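Take a look at the structure set out below.
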Amino acid sequence: MASLTGQSPGLAEQLQLQLLEDAIPESRVLIIMTGGTICMRPSPSGFVPARGFQEQCLARVPTFNNGSPASMMDVVVNAAGEVRAHPSLRTPQTAYGRRVHYTVFEFEELLDSSSIDAKGWAEIARAVERNYTLFDGFVILHGTDSLAYTCSALSFMLQNLGKPVILTGSQAPMLELQNDATDNLLGSLVVAGHFMIPEVCLYFNNRLFRGNRSIKVAASDFAAFDSPNCPPLAVTTSMRTNVNWELVNRPRSLEHFRITTNLDTTHVACLRIFPGIKPEMVDAVLKLDGLRGLVLETFGAGNAPSGQDNAMTKVLADAIKRGIVIVNVTQCMTGSVSPVYAPGMSLSRAGVVAGLDMTTEAALTKLSYLLALPDSTPEWVAKSMSVSLRGELTEVSQPAFRHPDGALPERVQSLTVLGYAIAQGDLERVQEIVTQEHYWLLNDADYSGNTPIHLAATSQSINILQYMLLQGGSVHLRNQNGRTPLFLAANAGLSEHVLLLRKSGAHLHSDERAAAQLLAQRRPGVWRLAGIERDEGPENS
Ligand code: ASN
């Protein structure tokens, strides 16, 4: 440890420096390695994924390892809930005054992403679910070839997501001298460790995209991805990462995080229309054994050739009558499918669903997700395809959302007024402020790091807490003492508040469990509701 005076430090100074080090807050991030170029090494048969990413690529690099004493991090590694201690690393302190404490969990089989399928997506979703309460955020390392599909699929598979899930990869391997892997991984770690963006995102070349809006646009450029119909959620510059909080989606229900894993990719197809395509060709695809859904990539604003005597339209209408869901997306990079021209209009009259501005990747994975849901009917799936489930399409204008970014200029006043209304249990006033305020305040923090959800967690009116949770306030943000709203509610002995927060997916952070256990000795009842059992082990519910 370096001394402030340049000489070797005495014991007292060492202790002081250690205390200063320990006072730096940390975020816990799990990196899930699925394969891809980022971890690849050359072999006689071309580049192949290689194991040992943490030791080989990260442990020796100062930006990924601040050299703090080795420590272990628990990771749940399988369906039986087996917990394995993994060696972990810490980044140096970031521009936001934190360190990211992380470990890499490598899948048994590392893939070139061109070989991933619904089974691989399910494995990723399960790894996130099993470790959800142990980490603040997740970074998924993945090949770039099918990355946009995986992002889209995961966005539908992860429901009521309350924490960031950031996918990234690279165009050149981490061990190549000139690579994009270092920046992509570091940027993803910073986002996952600092910003409450509870969405499945893709971070690449200094930009953070909504996962289900992104497409791969370049085979070898470092700027490999774009999100033509949705601006980036964040951009990293030399100064900082600027988050566009108005665009960030929030889970707005009183439900736990959960996953759906059985996407039906085997009964869907995608067909690109071209000038001269024959109706018989389209009919042949639509008559594939067991086909349940088709994504039709059409011209411009959603137009397809109608064929002689409207033969194409008839083929499509017949398939829809047989129960096949057909979704219309545009071949263009930007813009939306809308029935402005006669050919587009006749498709919509035949029952073809307008996929609006969805990417093909999003349309295909959404179709696979909806068709696999229990009790889904073709009519219901068709209707749901035009509705935004995870921000994958532009439907109507969404409410804007704003999150703390270090500065609280003109919003401090509203935050204070909101604080008073919460303290007085005045639900009507709270609703008024939250509805009228230009920026959403619910995830803003006051001088002590308390968000309105922290305040509501101990307010006399449970209805205020419920209202705020339904507006998308985060249950995972921690105040300056590292406390979650759940901790505060339990500490105040408010069982009803605790139950409501738990229902909404709240859990105690691993850093506050030791204190919670001590407090539970005096008040076991309410702390049990908060998730503290007598024989404490890692919590995964
Ligand atoms: N073929 C690689 C993959 O998708 C491409 C990459 O990651 N850049 O796994």
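Cβ coordinates come from backbone N, Cα and C, glycine included.
The feature domain 'L-asparaginase N-terminal' is assigned by TrEMBL to 28-247.
Summarising the annotation, TrEMBL assigns domain 'Asparaginase/glutaminase C-terminal' to 267-376. The DSSP breakdown of the domain 'Asparaginase/glutaminase C-terminal' (267-376) into helical (H, G, I), extended (E, B) and coil residues amounts to 44 helix, 21 strand, 45 coil.
Under DSSP, the residues of the repeat 'ANK' (448-480) split into helix, strand and coil as follows: 15 helix, 0 strand, 18 coil. Annotation comment: TrEMBL describes 448-480 (among others) as repeat 'ANK'.
As annotated by TrEMBL, repeat 'ANK' applies to 481-513 (among others). Averaged across the repeat 'ANK' (481-513), the predicted model reaches a pLDDT of 95.
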Looking only at the repeat 'ANK' (481-513), what are its DSSP counts of helix, strand and coil residues?
20 helix, 0 strand, 13 coil
